[in-house]
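**Q** Sharing the features that TrEMBL gives for it:
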- 1-402: domain 'Major facilitator superfamily (MFS) profile' (DOMAIN)
- 6-22: transmembrane segment (TRANSMEM)
- 29-49: transmembrane segment (TRANSMEM)
- 61-87: transmembrane segment (TRANSMEM)
- 132-151: transmembrane segment (TRANSMEM)
- 163-181: transmembrane segment (TRANSMEM)
- 218-240: transmembrane segment (TRANSMEM)
- 252-273: transmembrane segment (TRANSMEM)
- 285-306: transmembrane segment (TRANSMEM)
- 312-334: transmembrane segment (TRANSMEM)
- 355-373: transmembrane segment (TRANSMEM)
- 379-396: transmembrane segment (TRANSMEM)
Amino acid sequence: MLVSFLTWLPPGIMMATMVLLMTERGLGLARIGLVVTVFSVVTVSLELPTGGLADVVGRRMVLAASAAFTVAGLALMSVSTTFWMFLLSGVCKGVARALSSGPATSWYVDTLHGVEGHGADLRPGLARGGTMESVALCVGVLAGGALPLLVPPSLMLPLAAPPLVGAMAALVLLIVVVFALPEPAHERRSLAGVLREVPATVAGGVRLALGGAMLRRLMLAAAASGVVLTSIELLTPGRLAELAGTAEEGSLVYAVVAALGFAGSALGSALAPRAARLAGGSARGAIAGTVLTALSVGALAGTAGLSGLPGMVSAGLAYVCLFVGGAVTAVLCLELTHNAVTAAERTTVTSTSSLALQSGGIAANLTLGSVAAQAGLAAAWSVAAVVMLTSVLLFVRMPAPTGSSPARALPARSGSG
């Protein structure tokens, strides 16, 4: 849980001021968008290769590399003054994001299987991990939003303080991973062996994800979630700025609403095991979470015409409910994914899921902005709601998993992650 918290604390801290810092340094919206796009492209390009690398050399080494790239990316961001410096920072953060997309949960599942066997219940631990991720983002975005108000301008540019503090938090993560995260035993390999096996691991994971009916459905569900999440990230800041009256006030409102959303995500992660029990299984629990998410996006669309305080309150409530439902679905889909693969393929397949999520986000970026500009926010959010609601069908009569193999699921050494 500590690793989950520390992994997501740095991006949470820098989130509130990232765009404002680039604007202060003289970047226009087009160049800011290009920096963010480069981050996404780097992440998507490296998702599968780095997932395969973790399955070959071990989870801890890849997590440590991710933390190191996070330190470099955020430290560089804090001192960046030009477009190219911000672009290089985006590349570093993209590498870090790709490296972190599966090893931590794979380490947990392998370790738990080694201690309790393959019949161990994954839901409680995965739920706690998801909760800690959301708590980290919530704490981080609030701290990052308040930090510029506390830093004297004579010391440094206040907007540069959050990424610098985020880099310090990532350094703590690096220390924890290196010294306190025991790696389940695995065979030592040469660099040449690693390079030979990574493509085979990736190819096998992709074949498994696309060839198995259950995993194929889960990848499509992840893509639908990516559409919804991107619709929120893309359209909500402008909507709240419009409601608040100015961009500065809208940024503050967005930080608060985002923190509430992350709190809702933490609640949803904690409720996921109970939702599965009440619904009669993980697939049915995921259906409930997906329906709540779709209805919440629909509520955003339905209240897009409201103004002032009613508009803010309705948007905030819909935002929180959306993240509660999305977290329930995410935790249960993660459990279904881990139960459907072998230990040797685990990180690669979870990276494939992350790739599907971001691919859905890229599709939304390319389409929903134009829809919103031409037909309004309500139309764009309605499209996202329909996509999410349609994805419910993916969980109906979900095929049974084949189960994980005991590969790599060896007893862990004493220690705490």
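A Cβ is built for glycine as well, from the same backbone N, Cα and C atoms used for every other residue.
Just so you know, TrEMBL annotations are computer predictions that nobody has curated.
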**Q** On the 0 to 100 scale, where does the mean pLDDT of the domain 'Major facilitator superfamily (MFS) profile' (1-402) fall?
**A** 82
**Q** Can you tell me which recorded stretch out of 163-181, 218-240, 285-306, 355-373, 379-396 has the most Cβ pairs within less than 8 Å of the transmembrane segment (252-273)?
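**A** Highest pair count goes to 218-240.
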**Q** For the transmembrane segment (379-396), what are the same-chain contacts with Cβ under 8 Å, counting residues 6+ beyond its ends?
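**A** Distant Cβ neighbours of the transmembrane segment (379-396) are 217-218, 220-221, 224-225, 227-228, 231, 235, 283-284, 286-287, 290-291, 293-295, 297-298, 300-301, 304, 364, 367-369, 371-372.
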**Q** Does the transmembrane segment (355-373) reach the transmembrane segment (132-151) with at least 3 CB pairs under 8 A, where each pair is 6 or more residues apart?
**A** no
**Q** For the transmembrane segment (163-181), I need the partner stretch with the highest count of C-beta pairs below 8 angstroms, choosing only from 29-49, 61-87, 132-151, 312-334.
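**A** Top-ranked stretch among 29-49, 61-87, 132-151, 312-334: 61-87.
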**Q** Looking only at residues six or more beyond either end of the transmembrane segment (61-87), which have a C-beta under 8 A from one in the stretch?
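**A** Tertiary neighbours of the transmembrane segment (61-87) are 3, 7, 10-11, 14, 18, 21-22, 25, 27, 31, 34-35, 38, 50, 53-54, 93, 95-97, 99-100, 103-104, 107, 160-161, 163-164, 166-167, 170-171, 173-174, 177-178, 181, 183, 347.
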**Q** Given a Cβ distance threshold of under 8 angstroms, which distant residues of the chain, six or more beyond its ends, lie next to the transmembrane segment (312-334)?
**A** 105, 123, 126-127, 130, 134, 218, 221-222, 225, 228-229, 232, 236, 239-240, 243-244, 253, 257, 260-269, 271-273, 275-276, 282-283, 285-286, 288-297, 299-300, 303, 306, 350, 353
